[in-house]
């Protein structure tokens with residue numbers, strides 16, 4: 001233990017307590033502190049006073065490694081932001097899950113639809129929807145980081161979001177809209193909703209992390225006498241895992257909306273998300289006094305681009321942008337800003353392979369739905385199995401936290417890059433399973449390689465294979481999300497400077513847009529009898545991408561602590577929150 005500060009009173013003549021008396025004495029310390037009887041503290045053994053003086057001081061590096069880390073209390077404002085995210089994700093998944101049927105089928109088909117764009121047309125438009133939803137976060141982040149701040153940006157984009165859902169709902173009512181009105185209304189609605197969801201999504205996760213007090217880890221002495229480290233890292237990790245849990249609880253809306261779509265009509269499936277989303281602006285308004293609002297940076301994004309440009313022009317050497325080395329240039333930023341931008345660029349390299357992952361992930365909301373439509377549904381909606389993905393995540397997040405990750409760490413470190421690699425592997429295995437399943441669908445009658453596309457009497461008759469067999473594909477995608485998506489979300493936040501949290505988060509999200517763009521290009525292959533080869537190609541691509549990712553970036557695991565140390569620095573008396581990888585401390589929670 002490091003040397004403690006000298007006591008305020010003379011303790012040289014106070015005898016030491018034996019180890020067996022420590023716990024009782026320390027309990028008395030806490031009791032005396034609570035009652036305010038400070039004069040009796042002098043009567044306690046010196047060893048207990050040393051522990052008392054430890055309370056609140058910064059730990060040494062050795063103590064950081066050896067002592068158990070615990071979380072701070074999660075602020076009320078974090079819970080309020082989580083409710084906003086729950087409402088937004090409930091609406092997003094509740095709306096988008098019926099989209100494939102809405103776009104692909106006609107009102108006379110089983111499952112029924114509206115726009116009758118066929119599989120390849122619906123898949124292309126589905127990928128456009130995903131592309132738009134994940135390219136708009138760039139705009140939302142720019143607005144937040146440059147002009148409005150995160151809270152105000154979320155409020156603005158929530159209003160836009162509501163307008164889009166309202167248009168979708170109205171144009172899906174059969175008595176109100178014709179075919180042309182439904183098609184035009186659908187396109188306008190997804191553009192407006194995509195703008196709204198992009199603006200909310202790029203800002204809500206940084207906002208929830210901003211609610212954590214910006215303090216360094218400190219030693220805390222528990223009533224049991226155990227010395228632990230009260231670590232904001234653990235608090236942020238708890239918040240992010242809870243945040244992702246809220247996302248997937250919200251995604252369970254697919255059970256309700258697909259059932260309404262199946263048993264009533266699409267308008268009923270869209271009315272529920274419209275009503276539920278109204279919770280978001282209400283919570284934002286009522287919780288306004290409680291939110292921590294980080295001030296808007298001064299042209300931070302423009303300056304970061306200029307700083308990066310100078311580095312790229314000099315072969316990625318950020319020394320070219322350092323004011324101390326080039327005082328004559330009059331750069332309007334500090335040394336620390338350059339280091340923050342360098343770290344952000346360093347982290348963004350990790351995102352380069354994510355478009356392949358998101359391309360594979362996107363199969364869950366388009367081709368998987370179409371595949372289920374070729375199978376015997378036994379009264380179930382063909383798009384309801386997406387709930388398996390959410391249920392998998394809800395169940396296995398705590399299992400991974402409490403058991404799987406700690407068990408692996410007993411034998412080897414399990415850091416961010418390794419987790420992302422295994423996320424790619426699970427996604428690849430999901431495509432392998434889907435390809436094998438598609439092969440067996442083609443082996444069954446009555447239409448074999450052209451389900452519902454053969455003789456007229458079999459137009460509405462699926463091939464003889466049970467929909468439940470598709471379940472493992474959704475399970476594998478869910479496991480890949482726990483490893484790749486959550487870790488990527490955390491990596492984007494922790495490696496971003498305080499003034500650029502929203503922007504770097506949006507860069508991570510925009511990789512989904514690139515994956516969707518690839519999906520649009522590949523959508524002509526999404527038709528019978530080519531689907532086995534579609535899934536095979538995706539499986540191989542994801543496997544190769546995962547292997548290349550690990551080969552290129554595995555050394556980032558060794559540098560993670562070095563990168564995270566930047567957040568312990570202080571500038572202009574503003575403390576920045578300390579961050580380490582989620583994988584470092586889950587076992588201590």
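Glycine too: its Cβ is placed from the backbone N, Cα and C atoms.
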Per Swiss-Prot record, range annotated transmembrane segment [choices 367-387, 388-408]: 388-408
Candidate annotated in Swiss-Prot as N-linked glycosylation site, out of 203, 233: 233
Candidate ranges 52-73, 74-95, 96-117, 206-227 [criterion: Swiss-Prot lists as transmembrane segment]: 74-95
180-200, 306-326 - the one Swiss-Prot records as transmembrane segment: 180-200
Contact between the transmembrane segment (180-200) and the transmembrane segment (124-144) (at least 3 Cβ pairs under 8 Å, separation 6+): yes
Other CB atoms within 10 A, centred on residue 233 (N-linked glycosylation site): 25
Chain residues outside the transmembrane segment (420-440) and at least six past its termini with a C-beta under 8 angstroms from it: 350, 353, 356-357, 360-361, 363, 367-368, 371, 465, 469-470, 472-473, 476-477, 479-485, 487-488, 491, 531-532, 534-536, 538-540, 542-543, 545-547, 549-550, 554
In three-state DSSP terms, the structure that residue 233 (N-linked glycosylation site) belongs to: helix
Stretch-level contact, the transmembrane segment (266-286) and the transmembrane segment (388-408), CB cutoff 8 A, at least 3 pairs: no
Feature contact check the transmembrane segment (345-365) with the transmembrane segment (153-173), CB under 8 Å, 3 or more pairs: no
Residues of the parent chain within Cβ reach of the transmembrane segment (345-365), under 8 Å, 6 or more residues beyond its termini: 96-97, 99-100, 126-127, 130, 134, 308, 311, 316, 386, 389, 417, 420, 423-424, 427-428, 430-431, 434, 473-474, 477, 480-481, 484-485, 488, 491-492, 495-496, 504, 507-508, 511-512, 514-519, 522, 535, 538, 541-542, 545-546, 548-549, 553, 556, 563
